[in-house]
Amino acid sequence: GLAVGTSARFSCFFSNKSDAGSGRVTRLGWILFPANPRCSRWTAAAAAAVEAPPRSVDMGCAPVPREQVEIVQSLNGWVAENMLPLLNPVESSWQPHDFLPCSVAAPGASEEEALSAFTEGVAALRMGAAGVPDEILVCLVGNMVTEEALPSYQSMGNRTEGTADDTGASSLPWAQWIRGWTAEENRHGDLLNRYLYLSGRVDMRQVETTVHHLLRNGMEMLVPKSPYHSVIYGAFQERATFVSHVHTARLAGQHGDQALAKICGVIAADEKRHEAGYTRVCAKLFEVDPDGMVRALAHVMRGKVTMPGLLMSDGRDADGSLFERFSAVAQRAGVYTARDYGDLVEHFVRRWRVAELAGLSGEGRRAQEYVCGLPPKIRRMEELAHQRAARSELRPARFSWIFDRHVMVG
């Protein structure tokens with residue numbers, strides 16, 4: 001899955017004071033903050049409002065504990081019973097072809113009839129797409145670009161100790177999950193790519209260039225080989241992606257593009273199933289190793305966890321600001337917002353019953369206290385951000401994806 005960031009103005013609650021006013025982009029929590037002079041005073045306030053947990057919570061880049069690997073390997077049978085059923089059979093799964101104009105002749109139809117039907121279908125699709133505002137198109141392209149970088153995500157999954165597909169065709173349930181997840185996710189980028197191509201609303205060469213750059217640039221994860229970090233990261237990303245596609249579907253429908261609304265809806269349904277898989281296995285791991293999981297969760301929450309599309313570039317953003325601009329548009333358009341991020345954190349803290357964990361070590365208790373204290377702090381920072389945004393002037397952001405037109409951001 002993918003997840004877009006939120007507006008830079010809403011992301012300061014994990015800021016590093018030393019970056020205030022430096023002009024650098026600081027990667028914080030699950031979102032991005034440009035530490036520029038306009039935000040420096042607010043950055044300092046945010047940093048003071050949310051103090052970091054004790055250093056002992058930080059696992060750094062240490063080797064993955066052997067017990068983590070052994071625990072997740074012992075869950076292969078559980079994965080087969082509780083995660084693999086969430087993957088749909090190929091024969092009953094939707095395919096991108098199902099939602100786009102058919103380019104081949106129906107049985108008994110002539111080539112002329114097939115071409116006429118295809119042309120009519122494309123015309124209907126373009127008519128619906130014509131009413132979609134530029135800001136929604138930017139969000140859609142950003143989501144599609146991130147989906148198209150799927151090879152990076154499968155590679156990252158196969159770096160995880162204890163769950164990797166070591167042979168490329170392993171029969172172990174963990175490996176089957178990675179391949180099945182990849183196969184379902186692969187349809188998302190395909191479908192969105194074809195829709196955008198047929199819509200005629202975007203500069204496809206620039207979009208394709210962005211995908212090319214993102215695949216070459218790769219992605220970063222905090223502790224990429226840790227199975228605990230991997231499944232926690234997966235749960236957050238899948239839920240964030242679900243939320244993003246649901247909001248895009250709603251906005252597309254409001255602007256008269258029912259085809260796009262349906263496309264985003266079926267993709268969101270996939271993300272929801274995938275979220276369920278990662279959420280379930282996290283809950284199971286919290287039962288088996290609550291101390292290790294709560295420390296991993298705290299590390300993920302406080303660490304500089306990057307979005308999958310963070311390293312995107314269209315080849316024209318010399319300052320590396322494309323993801324930041326995309327995130328700001330998503331925030332203002334309501335596709336993925338600071339409130340959504342706060343809801344995610346609150347949801348998982350509640351779903352995994354973090355506050356009820358018992359028998360923890362000293363580090364585990366400190367991690368538990370930190371994680372449980374995050375939701376109210378995030379809400380407070382969200383309120384401050386809204387107040388600040390209300391006082392700020394809108395500014396134009398240019399996107400090569402939409403032929404260098406500008407979109408207003410906060």
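Just so you know, glycine gets a Cβ as well, placed from its N, Cα and C.
Summarising the annotation, TrEMBL assigns Fe cation 1 binding site to Glu147, Glu185, His188, Glu271.
Positions annotated as Fe cation 2 binding site by TrEMBL: Glu185, Glu238, Glu271, His274. Its own atom aside, the Cβ of Glu238 (Fe cation 2 binding site) has 25 Cβ atoms within 10 angstroms in the protein chains shown.
Just so you know, of the binding-site residues Glu147, Glu185, Glu271, the Cβ with the fewest other Cβ atoms around it within 10 Å is the one at Glu185. Here the CA atom of Glu185 (Fe cation 1 binding site) lies 11 Å from the CA atom of Glu238 (Fe cation 2 binding site). Around the Cβ of His274 (Fe cation 2 binding site), 26 further Cβ atoms fall within 10 Å across all displayed protein chains. His188 (Fe cation 1 binding site) sits 13 Å from His274 (Fe cation 2 binding site), taking the CA atoms of both as reference points.
Glu147 (Fe cation 1 binding site) sits 14 Å from His274 (Fe cation 2 binding site), counting Cα to Cα.
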